[in-house]
Structures are given as C-alpha cells and as structure tokens.
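What follows is one structure encoded as structure tokens, with my remarks underneath.
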C-alpha cells in the first residue's frame, strides 16, 4: 500500500521501511551486528579496566568512562532496531518503543558532543596549568560537570519527545532505518519545517559553538606543546591530543559532510541519507574505545597485564595437572 493512502490519526506501531529497497539486507545486517558487538566489547573493556583499577580513578579516565556509557547507549538504540529489521525481519516497532528509542538515541548523540567538550577542556587545563591541574580538576568536580551535561541533554530531549508525542500521525511508516526525531516528524500529519527549528538551533550550537570552541582548545594545546623543552613530555602530549582529535573527527566528520552537502544544494537520496545516518551512529562508538585502548598508555598496559595473566594461568594449570 502506498504511503499516501494511510489516513491513520493515532498509531499503535510504526513500520520501518528504510531498508526495503536493498537487496543484500542480510549482509548489511551481519555487518551492523558485528560492529555492534565490537562496540559493546571495546567500551565494555574500557569500563571494566578503569572501574577496577584504583590508579585510573582520575578525572581523564572518568571522562573516558562517561564517553563509553554514552557510546553504548547511543549505538544500542539504533543498532537493535536495524538488526531486528534486517536479520529477524521484524519491521514493526511499537509506538512507545519507537519514541523511547528516539529519546535515548538523541540523548546519547547530544551527550557525546558535551562529553567531547569536557575532555577538550580537561586536556587544556592539564597542559596550560599543569601545576594547578589537580586542584582545579578533581573527581568530584568532574562528576558534577558530567551530571550537568546529562541534565541539560535530558531536558532538551524531554522537550523534543513532548513535541513528537503530541503531533497527529497520518502514516504508521518510518521511511528511515530507525526511530529518530526527523523520521517521526516526517511521519506526522503536520508541515515538518516548523518542527525542525529547535533541532536546527541545537545543530547550530554544535557547528558554530562547541565545534569551533573545541578546535580552539586544540589549537592552544598545539601551540603549548611546541613550547615544551622536554621531548618525552612533548611526545606524550602529542599522543594524548592526537587520540582526542581522532575521536573528535570520527564524531563530527559525518555530521559536517551531511550539513555541508545540504548547504551547497546537493540533494541526497533517501539511501544516501540513511547511509550517512548509519555511519554517523556506528563509527564514533566503534572508534572511541579502539583509540583509547591502543593510544592511552595506562589502559593499554592494564589490558596487556590482564591478557598476559589469562595466558599464563592456563599454562600453570596444565603444569600442575
């Protein structure tokens, strides 16, 4: 049945149709499943290592833990829907399940942006004010700022969820690959343009506020690193900043590409929009734990110790037997 033929005012569920035109749905489903499992594994390892090692109970590692929690929530809300549609062929999502997934998806998206800002500020203070760092950036203050970022984003998401929950729906069809704010608004019996004003303001704050601010902090960091006389300290600072920049660009690059293409008048097909959406939703949570596991010396050393212990203990048991 064509989408235009639906005349439903109140829906109990939505049908996800974003993958209907694809031929290799199973293959894509397995790729998303593997990616999601790697995301859970990588972020789970970071959380376990940091939470169980008292030496890592420091502000920077608390921020990494916060980012890992955000990544798991962010990826889970979209991945589970896509895996269900592609592999289990369950395309129907109940109304309240869809709206709750939308809430947690955007909550994770916005909170990740705030988490990256906090991490940039942390590195700026560490390099510019090294002698005062431990008195300025304490664990309690770090937890306080993390709590405030979550409070701000939960409030914003509450507003968007209220808007979505109070519009009439003409069609129980989601043309995208999972439930998010744009897809739900476009399924409603309303002119969508006015409903994108608040998300546009949030995106404007991202691109014209937080992103330039973060880039300025790293420009200051780069300048500060060039002034260091100790080569070992210089290499350590460069390695730390490079890790953060990789994480930063993995998050912002897909969003910036989408925004740039839209602004210069490139008309994206639904398939292209869905592809960008999938990349923007899965690549950052996959890159983040990989970067911090491989480029953060303390986490890498702790992970190596754990793996070495696992390898040695079975050998000891074999000798004893």
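Heads up, the Cβ atoms here are built off N, Cα and C, so glycines get one too.
Under the heading transmembrane segment, TrEMBL lists 27-49, 61-83, 103-121, 142-164, 204-225, 237-254, 274-293. Look at TrEMBL and you will find 42-292 tagged as domain 'G-protein coupled receptors family 1 profile'.
Using a Cβ-Cβ cut-off under 8 Å and counting only residues 6 or more beyond its ends in the same chain, the transmembrane segment (142-164) has close neighbours at 59, 62-63, 66, 99, 102-103, 106-107, 110-111, 114-115, 118, 122, 181, 184-185, 188, 195, 198-199, 202. Confidence annotation: the domain 'G-protein coupled receptors family 1 profile' (42-292) carries a mean pLDDT of 87 in the model.
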